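These notes are about the structure you will find just below.
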Amino acid sequence: MRRISSFVVLLCGFSSALAGLAPCVELNDGNKMPIVALGTGRGTASESASVDEVRQAVYWAIEAGYRHVDTAAIYFDEPEVGQGIRDAINNNLVTREELFVTTKLWGDKHREQDVVPALKESLQKLGLDYVDLYLIHFPVAVKEDGSYDDVDYLETWRGMEKARALGLTRSIGVSNFNASQVDRIIANSRVWPAVNEIEVNPTLTQEALVTHCLELGIAVMGFSPFGFVVSRNNPNAPPPRADDPVLVHLSNKYHKAPTQIILRYLIDRGIVVIPKSVNKKRIEQNIDLFDFSLNDEEVKLINGFNKNHRVIDFADLKDYPNFPYGEY
Ligand SMILES: NC(=O)c1ccc[n+]([C@@H]2O[C@H](COP(=O)([O-])OP(=O)(O)OC[C@H]3O[C@@H](n4cnc5c(N)ncnc54)[C@H](OP(=O)(O)O)[C@@H]3O)[C@@H](O)[C@H]2O)c1
Ligand SMILES: *[C@@H]1O[C@H](CO)[C@@H](O)[C@H](O)[C@H]1NC(C)=O
């Protein structure tokens, strides 16, 4: 066992040969979560992947040693994620028990009585009996047409607790919640969130929110981990790019790609990373992270790029109550 920042990293299973490449973090409910997850969200990058590419990516990822896949109802790719998983199980690459599957509840299903049916629908699409982690995707409730709906996320959380009690998900958590929203759930609920999934990368380092969550024993999953280091067709976004001198220096020192330096930077901060790729080589590269680590000075150096600048701003929801992102 090894302590990284404030989270303990341990083997995922008794047989490390079957456990995949990434170690696990222990969640506050006792469940274990692999610290590298394949991202499957589409439309968030310069090239948006087709759903069939997602099926193939999930299979390649499992082949490459990933044991965690991150999807969501709103990605509309749960059937293909499920198919990739089934293909891998049928070819004896893994068993269901060795995999950790995360999906998310969208804002149009925030009423307490809608949560369990929404998860059942996700399970049906995935072709699974349970997921490992179910997240409230965003704290704002919306109607099906996208307009505001007045549902408190505390009500939604009751539904999440029910889904967990029914065994439809092993852990429950939130995504895109800010510190006071996390605190409000904790103050008003029996079951604490196991996870907060938020954007973290060199231009949005989120030091205060990450520390807040980790101190409470809430694991942080970091989405859009590459920030603007990869091309997003946004030339005005703040640095770093892959050719930034700081990243080139670390890349040469550790014989790793700048993208691997960024993922390792997040892991060394105690953050579970969710790199997305549909390219076999890049999928393999994005989990080849466990033969080096950055020292505290190098982590601080990358923190120095922070500009509180988001890749994903959920601008459509910004005028609604419960929008989580204050001034940035
Ligand atoms: N909870 C939320 O609200 C939320 C929001 C956004 C995202 N997410 C999750 O986080 C995941 C990741 O975020 P993201 O989709 O914004 O993107 P990302 O992981 O930051 O990756 C962005 C792009 O970088 C490219 N890439 C990946 N590995 C690379 C490498 N080694 N070298 C060069 N380029 C590379 C990929 O293109 P190629 O496919 O061509 O390699 C990918 O499209 C999502 O898929 C989703 O699962 C969650
Ligand atoms: C968190 O979200 C609430 C609800 O929208 C908002 O009032 C508050 O200012 C936010 N806090 C921060 C630190 O952004």
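Cβ coordinates are placed from backbone N, Cα and C, and glycine is handled just like the others.
If you check TrEMBL, you get these features:
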type	residues	note
DOMAIN	38-306	domain 'NADP-dependent oxidoreductase'
ACT_SITE	Tyr75	active site, proton donor
SITE	Lys104	site 'Lowers pKa of active site Tyr'
BINDING	His137	substrate binding site
Collapsed DSSP category at Lys104 (site 'Lowers pKa of active site Tyr'): strand
Entry from the recorded positions list Lys104, His137 having the most other CB atoms no farther than 10 A: Lys104
Inter-residue Cα distance where the pair is Lys104 (site 'Lowers pKa of active site Tyr') and His137 (substrate binding site), in Å: 5
